[in-house]
Amino acid sequence: MPDSDRDLRESVEQSRHGAPAVGAVVRDRFESNEVFQRIIAAADEEIDIGLRELFFSSLAGGFAITLTFLIYASMTASTDGHPILSGILYPIGFVYIILGGYQLYTENTLPPVALVLERLASLPALLRIWVVVLIGNFAGGGLGALVLAYTGVFSPEAATAATGIAMAGMETPFWDLFFKAGFAGLIVAGVVWLDYAVRDTITRFFLIYMAFLMIPYANLYHVVVSFTEVMYLVFLGSIGIIPGLTGFILPVLLGNTIGGVLLVTVVNYFQTTERRLESARKDGAERQLTIREWLIGGPVGRAYVPARPAVEATPAGEQLDVDPTDEVEPPIAEPDGADDGLEYSEDE
């Protein structure tokens, strides 16, 4: 290896404390600040995604959850409700979603919220993502429930087990559902945090599998799975949609959201340091939204990526080339032409 390449590699593999980033003595892991920075960088690239892409990715994610309901009911029937074996394949839908890069509502309680906490995205931008992803997930889960209810995908035994699983949730009191869903929200947001701390697909697979296995074993509730169960009962004529939404889905939705946002995102945000975005910002320049932009809408996405080559005017009117690293790309406006009530100049 040439000396220049070796020197470059050694400089890259140094932490900000000066210790080697790899080797037999130092563990190969990210510290919390680095994990948070990776989440911010990924979220900043994704938050300006178009509505069409966001919706159909969410639709695919919602339909993939049908696999979890399908296999859970089928295994419950085939194992006579064995407490261990019945849930052994429960995580399969979540494996498809996370490794496949689909959108899931409970995953979005961490990355976009982290952007909002850093004031790199506005609250309306966050709500836009939540609403579109939730609608897409519910549409996909409802479509899957329709197929399961009106076709012969379920065996008679599995159909009976599916009805029993869904009715158990309907009969659970509101606040019990809320707190059970809170722990499930913690699990999902925790998986997202850890997903950015690992480096390979095999590790991600086992992380997803082991974490989501806790949901059936601890009798917890995930809002998209629960919606699929509710719609299955609705299509069978066992319950009305309004009681299902208010008595089952609402507490699970609130619990998942609060569990993910408060117990993971906010806690991890405050346990990182002020240096968490140091390398992502240009020479410490302030790229945050104003309070007004943050509350009512403002630029979103890629707030601190390197810009195109810039020019600098001299007193004589001549223009000199400036190092492009001295400029930062202006934030992208609210996607899909959303009018946030603010005006931005083209060269701002």
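Including glycine, each Cβ sits where the backbone N, Cα and C put it.
Listed in TrEMBL:
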- 1-16: compositional bias 'Basic and acidic residues' (COMPBIAS)
- 320-329: compositional bias 'Acidic residues' (COMPBIAS)
- 336-348: compositional bias 'Acidic residues' (COMPBIAS)
- 1-20: region 'Disordered' (REGION)
- 313-348: region 'Disordered' (REGION)
- 54-75: transmembrane segment (TRANSMEM)
- 87-105: transmembrane segment (TRANSMEM)
- 126-150: transmembrane segment (TRANSMEM)
- 177-198: transmembrane segment (TRANSMEM)
- 205-224: transmembrane segment (TRANSMEM)
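Residues 29-30, 35, 38-39, 42, 98, 104, 106-107, 109-111, 169, 204, 207-208, 211-212, 214-215, 218-223, 248, 251-261, 263-265, 268 of the same chain sit 6 or more residues outside the transmembrane segment (177-198) yet have a Cβ under 8 Å from a Cβ within it. For the transmembrane segment (205-224), the list of distant contacts is 61-62, 65, 72, 83-84, 86-88, 90-91, 94-95, 98-99, 104-106, 137-138, 141, 169, 177, 180-181, 183-184, 187-188, 190-191, 194-195, 198, 249, 252-253, 255-256: same-chain residues at least six beyond its ends, Cβ to Cβ under 8 Å.
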